[in-house]
Amino acid sequence: MNPLSAVFNSVVLVLLALGVTDVFFSYESSRCSMTYMFEYPQYLQIKLSKKVSRLYPLYELYLYGEGSYAEENKNLTLTGVPVLFLPGNAGSYKQARSFASVALRKAENIGNRYHFNIFTVNFNEELVALYGGSLRRQTRFVHECIKTILSLYKNQTFPPESVAIIGHSMGGLVARALFTLKHFKPDLINVIITQATPHILPVLSTDIYLTDFYTMVNNYWIYNSLKLRNITMLSVAGGYSDYQVRSGLTFLPTSSFHTSALSVVSSAVPITWASTDHLSIVWCRELVLVTARALFDLIDEHTKQINIDPQSRMSVIKHHFVRHPAKHLESRHQITASFTETPKFTLVEDSKWTYTVNKESNESFFLFPLLDKRIAYSHFHCQNTFLYTHSWIFGCNKTVSPKCLQINDLSWETELLPSAKVVNLKLDVYSNLSHFILYIPATNGSKFSVECEFLSEEARTVHVPVTHVLSFGFSSSHAPLNSSGLLYVIQFEDFSKIYQAFNVFIVRNCGQNKESKSSIYKFHVPWSHEDLIGVLSDELPVRISAKLHAEQPQNDNRLVKLFLYASPECLHEVTISTSFSQILGQIVRFHGIYLPVYIVANLLLAYGAQLHSILIQGSCMDLDLSFDVAAKPYKVDPVLIICKYLLNYKWFKNYWDGLMLPQLDAVQLHAYGFWFPLASLFFFIFGTSIAYWSSIGLQAAVRILSSLWIYLKRPSMFPKESKCITYRVYAETLFFAFISWRSCGTFSLLLVFLRYLSKVLILYSSMKNYVSLNAHIVKDTSSKQDSVKTDSDTNINSNQLTHHQPSSLEIKALDDCLKMHFTILHLNLWIVLLGLPSFIYWLKTLRYTIQLDPDPNRVSALVLIFILEILMNSTTSAIKSSVCLKTAAVLQLPLSIIVVAFGTLHLYRISNLIAFSLFLHVVCCFV
């Protein structure tokens, strides 16, 4: 082991561990509360047709109910609005309980004017995120469920013609996949709400069925956007707390024709303002309440079904999930208002104004003239805390209505924040108005405050350049806010990349003033709905983890902003500095799943170096030394960078397509905004370190197991070279092939791996035993001790070597074989690891069927079984004189390049490329 390599790879591994720690542990504690219920949940199974039950014996459809509602609906005389819940990966149909219970309580609160019937599908908790072979089957079953659900409403006055769908995780993707079915009518679905659904790409592209399913669904929605424009889509992500599905994957693929789609992060959802993990997004009370309110507002009061107007539906969704004006949606049409008699106005001519009520107040109207303010100021900003009225700010044009009897309700421009309602009105937009009117209702025993000011946006905007990524947090940018304003806007310059991450500290100092109101911050990303909103504390500075879920679009010049709704009695200071650990976390969050690609690429380079050393030196190099020699990023990355660059030219693209080569994965990642120039370099180095230390760890495991093997069964014969193909090889190949064909391909590969491991253990134990035995005999001979004990030991040892006394050359040849077998074993291990998702799925369904169908690894497993069985009996001496050895050694570099080029988004291709690499070795054994 080279000490420098060990130290370097250790440091790299520590950096990777820091990134992993940031992803899995460095997020805010959950601010979600549990939903609660008053009655025990009941799930009434809906009887499906015999044909459907026969085709999908593992799937079921249920209707949710509680108490008297469940009893009333036992005969399935339904009168509500149908909503279908689709669970996701390993999800239970009982996850519908939280939303269904809240919806039932809300229906009771409004006197059951209308209500929802919540249906839920039992997918048998299938692991569809790991195995894509059952996604089409689930999609077809959901289609049958929708037809069955709608048939239950035939006797209604206004029977529903469509179903609203709530899909969690992969259930949301299944909902979108319904439209790809040949005989599916798009009118059967009007609203789809997905929760933590990876829409753009699979989290793990473990098999071809999964990637093909994604390609089919996304292409259909892009190419048929006009046809699907009446479908209202909402995708809700969990934020940084959801480390299983990062939020960037949940953003819906956009199209200029499909405008009825919206993607938000739960931390930006009004009233929720909390990040959720992958499971809590289903039961988070704050988010469930918002979802329930939105669905109730989607109902048309005349038909008591979901509104058929897609624009109205989208306005409802945006009202609840983007910007909540603290007003009921049902009064949206009331833009204008009027007074029957002239109210008593109080004229306010100051640029700053505060009104505080501690106990009681009379109804008041405050009039703010605009004419003399338009020159010096650009905006009128107001904040109120605990003022419980929906309409509180109006506009008046005294030219049209001299006594301001006709007014415009401007409260729709209000934004609801955690402890306040704020409004920021641009004076140029309201050039037709002469006055703003502030309405204070009569109160008794209420305590609230209202603060308003005219401000200049330019004077209140602070431009702060972010610190460089490589500053490692040693430098920072400061923005002291020493004036007594209500609103400040801090614009972060050059903050647009996904690999950027910063700590933003906000210090608030109110001195001795203990009665100051709260200050609120909003970290706003203008090109996606991923805002972070919170309240400042007087005791400790607030730290905001400023990073992006989505990269800035190419033609978007807007800047990331921090809005600070301040208390005028307090001083504030904003400091921003680079967070190195969060940068590593962003790299791992966006690209960590691609690590197996770079690990295998490094192993193939090291494997090629070993074959080359056999060709040149006649002996096999140690695997850890071969990493030092061959695992260099400049051998792989430049080729990919050049290809990616040339693909921008039409002539090269035509040549590429003429060779029928698949799309370069880096090009696709760049198109999604998930790639940056040094990503491949970083992960190649990470892959080298993992491959290096995993090889050392595997060697240590082999040593420990071999010691146990020697203790249990001491080898008595020195292993001799044998033919690559024997009757035993035929028998084992047929046995493992039968298992692969009748059960699961990865299961057979796991058995082959264990068989190969036993082969390596036997070889290592034999070499270790004979090396130690020879050393012991030499020591006894040189010392010339004639004690009885020594003589007896020597006789015993000599008897063990009676049949064959190995020479140093034979032991050296065995050592070379072990080095080569160990590398092949390591590659075999990664073949098994990459196939584990389908193996886990097969284990879960083993009680229903013994055969995995379809099996993504069956054919490749059959090929690999034959290859590995031959390689088990191969030796380095057998390939030294091979005419194909040089070709096999040279081709490992192109193979490693191909692994990175085409395996990043298609992990299942890696096993096939490893199989081809090992096949070249097999050829060397015979040619």
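Glycine too: its Cβ is placed from the backbone N, Cα and C atoms.
According to DSSP, the secondary structure content of the topological domain 'Cytoplasmic' (1-4) in residues is 2 helix, 0 strand, 2 coil. Residues or ranges marked as topological domain 'Cytoplasmic' in Swiss-Prot (evidence: similarity to another entry): 1-4 (among others).
Annotation comment: Swiss-Prot describes 5-25 (among others) as transmembrane segment. Sequence-distant neighbours of the transmembrane segment (5-25) (same chain, 6+ residues past either end, Cβ-Cβ under 8 Å): 243, 581-582, 584-585, 587-589, 592, 624, 627-628, 685-686, 688-690, 692-693.
Here ASN75 (N-linked glycosylation site) comes close to no residue that lies at least six apart in sequence on the same chain with a C-beta under 8 angstroms from its C-beta. Among the features that Swiss-Prot reports, N-linked glycosylation site is placed at ASN75 (among others), with the record citing sequence analysis.
In three-state terms derived from DSSP, ASN155 (N-linked glycosylation site) belongs to neither a helical nor a strand segment and is classed as coil. Marked as N-linked glycosylation site by Swiss-Prot on the basis of sequence analysis: ASN155 (among others).
The active site annotation in Swiss-Prot covers SER169. A C-beta separation below 8 Å, combined with a sequence spacing of at least six in one chain, links SER169 (active site) to PRO87, GLY88, ASN89, GLY91, ALA129, GLN195, ALA196, THR197, PRO198, VAL245, HIS278.
DSSP assigns ASN230 (N-linked glycosylation site) to coil in the three-state reduction, outside any helix or strand. Residues or ranges marked as N-linked glycosylation site in Swiss-Prot: ASN230 (among others).
The local packing around ASN362 (N-linked glycosylation site), expressed as other Cβ atoms within 10 Å of its Cβ over all shown chains, amounts to 10. Among the features that Swiss-Prot reports, N-linked glycosylation site is placed at ASN362 (among others), with the record citing sequence analysis.
Within its own chain, ASN397 (N-linked glycosylation site) has GLN406, ASN432, LEU433, SER434 as residues 6 or more apart in sequence whose C-beta sits under 8 angstroms from its own. The N-linked glycosylation site feature in Swiss-Prot is assigned to ASN397 (among others).
Taken from Swiss-Prot, the feature N-linked glycosylation site covers ASN432 (among others), and the record attributes it to sequence analysis.
According to Swiss-Prot, the N-linked glycosylation site annotation covers ASN444 (among others), on the basis of sequence analysis. Within 10 Å of the Cβ of ASN444 (N-linked glycosylation site) there are 7 other Cβ atoms, across all protein chains.
When secondary structure is read from DSSP and collapsed to three states, ASN482 (N-linked glycosylation site) falls in the coil class. Here Swiss-Prot flags ASN482 (among others) as N-linked glycosylation site, drawing on sequence analysis.
Taken from Swiss-Prot, the feature transmembrane segment applies to 596-616 (among others), supported by sequence analysis. With a threshold of 8 Å between CB atoms, the same-chain residues lying at least 6 positions outside the transmembrane segment (596-616) that come near it are 623, 626-627, 629-632, 635-636, 683-684, 686-688, 690-692, 694, 816, 819-820, 823, 826-827, 830, 833-834, 876, 879-880, 885-886, 888-893, 895-897, 899-900, 903-904, 907, 910, 913-914, 917, 921.
Summarising the annotation, Swiss-Prot assigns topological domain 'Cytoplasmic' to 617-672 (among others) and lists similarity to another entry as the type of evidence. Broken down by DSSP into helix, strand and coil, the topological domain 'Cytoplasmic' (617-672) contains 39 helix, 0 strand, 17 coil.
Same-chain neighbours of the transmembrane segment (673-693): 5, 8-10, 12-13, 16, 248, 497-499, 550-551, 553, 587, 590-591, 594-595, 597-599, 601-603, 606, 624, 627, 631, 633, 636-637, 640, 666, 900, counting only residues six or more beyond its ends whose CB sits under 8 Å from a CB of the stretch. Sequence annotations record features per position, and here Swiss-Prot assigns transmembrane segment to 673-693 (among others).
Annotated transmembrane segment per Swiss-Prot: 734-754 (among others), in sequence order.
Mean pLDDT for the topological domain 'Cytoplasmic' (755-821) in the predicted structure: 67. Per Swiss-Prot, topological domain 'Cytoplasmic' is recorded for 755-821 (among others).
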Sequence-distant contacts of the topological domain 'Cytoplasmic' (880-887), meaning Cβ under 8 Å and at least 6 residues beyond its ends, amount to 611, 614-615, 618, 920, 923-925, 927
Students should find that the Cβ of ASN155 (N-linked glycosylation site) has, within 10 Å, a number of other Cβ atoms equal to 9
Closest by Cα to ASN155 (N-linked glycosylation site), out of the glycosylation sites ASN230, ASN362, ASN482, is ASN230
Whole-number Å distance separating the Cα atoms of ASN444 (N-linked glycosylation site) and ASN362 (N-linked glycosylation site) is 9
Given the transmembrane segment (822-842), its same-chain partners at Cβ distance under 8 Å and 6+ residues beyond its ends are 126-127, 130-131, 133, 204, 206-207, 596, 599-600, 603-604, 606-607, 610, 623, 626, 694-695, 698-699, 702, 743-747, 749-750, 752-753, 756-757, 760, 852, 855-857, 861, 864, 868, 871, 907-908, 910-911, 914-915, 917-918, 921
Cβ proximity for ASN482 (N-linked glycosylation site), under 8 A, sequence spacing 6+, ordered by residue number, returns LEU571
Long-range Cβ list for ASN230 (N-linked glycosylation site), cut-off under 8 Å, min separation 6+ in sequence, same chain only, gives PRO186, ASP187, ASN190, SER260, PRO310
Taking DSSP H, G, I as helix and E, B as strand, the topological domain 'Cytoplasmic' (880-887) contains 3 helix, 0 strand, 5 coil
Counting every protein chain shown, other Cβ atoms within 10 Å of the Cβ of ASN432 (N-linked glycosylation site) number 10
